[in-house]
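Visitor: Below is the structure I would like to discuss, written out as structure tokens.
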């Protein structure tokens, strides 16, 4: 069990954070047509020390960043289904290795042109989505009901920690070794983590070589009470009619709209709006991800504590966590435009947002394991289709708006994101549930 979370956490370093960090820190051959506050003058003075330079404006950056999601809606559903039946070990390991190797090739693809890097990013997105989708079948077989939230959040914090490390030292690497070194170093780490995954991870407790007999019995017995053994047949008609499931799917779309913007454009925001230099932009972004990582772990522990002590019903915990994770960041993003001239106020608000937004991970984003444990992998794949479609649209829209107006473009990006996120929250609060649905039990399902 510990080996699984460690491999997932370290493996997340090779994920999508690399490219977004480098885009914020890679200079252009000529000055982009944006407001003078964006700080490009200082960039041009140091361009030779940073490696190759490219004339990529905000619109092109948005297309390149969002290309990661262009085809990502294709594999989640079949990947989730296959992982649920046959296990996730090799699906995750092979695709993590592929994604890491592609990270090593990004500098070469950038030299070859925009089209080359877009194609590479599309393939990398396909590999990475198979990783994120497949690993959910492990939670079904490894996480006891009363430890579900904290175990999943530990793995999610691994992704945040990977991005934290990348952003923290990315600016330093960019200015001292050149921006390609970011991809060479973290791509290499990803390859190493892939081999560790094959050595340390097992699909279920029954086949783990080193787990104690007591822990194995505890996990197997606790999960047997849930009846979460996967099945070949899928109750498609019942799923389509299930409003609790639609509440989760809609929320995935709305939540990942704003999540993708923050992950991909946060260093750019620090550089262009708060006028931080490239190295400081990476450090500031890393600090926010570090606070989010801590909030994710603590949130999982808190939710499992409230659930185990029966202080609140599980559905109340899920909805309360989701509401906190949406409402507080929404207030922050609406306020950012009016405090943009105060660096300390902006950073304080962003730190508050980064901590509270992680509550969604203990709410709607983990709710599939509550309502349909038998079909978690398949439904997680379905939810990721909504998430990746959202990411493809939101990144492109954000790049266009920021490119049109560097000052008010950010205001419009945040207002649109808040509106979409709030609509998803309302839908989830109305229809969300936390009990196993009738169609998800072993006795009652309608075959496709």
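Glycine too: its Cβ is placed from the backbone N, Cα and C atoms.
Any TrEMBL annotation is an automated prediction that lacks curation.
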Visitor: Scan 107-130, 179-202 against TrEMBL and say which stretch is down as transmembrane segment.
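Guide: In TrEMBL, the transmembrane segment feature sits at 179-202.
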Visitor: Are there residues at least 6 beyond the ends of the transmembrane segment (286-308) whose Cβ is under 8 Å from a Cβ of it, and what are they?
Guide: 146-154, 156-157, 160-161, 163-168, 266, 314, 317, 321, 350-351, 354-359, 361-362
Visitor: Which one, 151-173, 243-266, 320-339, 408-431, has the most C-beta pairs under 8 Å toward the transmembrane segment (381-402)?
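Guide: Looking at each of 151-173, 243-266, 320-339, 408-431 in turn, the most contacts to the transmembrane segment (381-402) are made by 243-266.
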Visitor: I need to check the long-range neighbours of the transmembrane segment (408-431): which residues 6 or more away from its ends have a CB within less than 8 Å of a CB in the stretch?
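Guide: Cβ under 8 Å, 6 or more out: 243-244, 246-248, 250-251, 253-255, 257-258, 261, 265, 269, 273, 319, 322-323, 326-327, 329-330, 333-334, 336-337, 340, 364, 394, 397-398, 401-402.
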Visitor: May I ask for the residues of the chain that lie six or more residues beyond the transmembrane segment (243-266) and have a Cβ under 8 Å from a Cβ within it?
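Guide: Answer is 16-17, 20, 23, 65-66, 69, 163, 285, 288, 322, 325-326, 329, 333, 357, 360, 364-365, 367-368, 371-372, 379, 382-384, 386-391, 393-395, 398, 402, 413, 417-418, 420-421, 423-425, 427-428, 430-433, 437.
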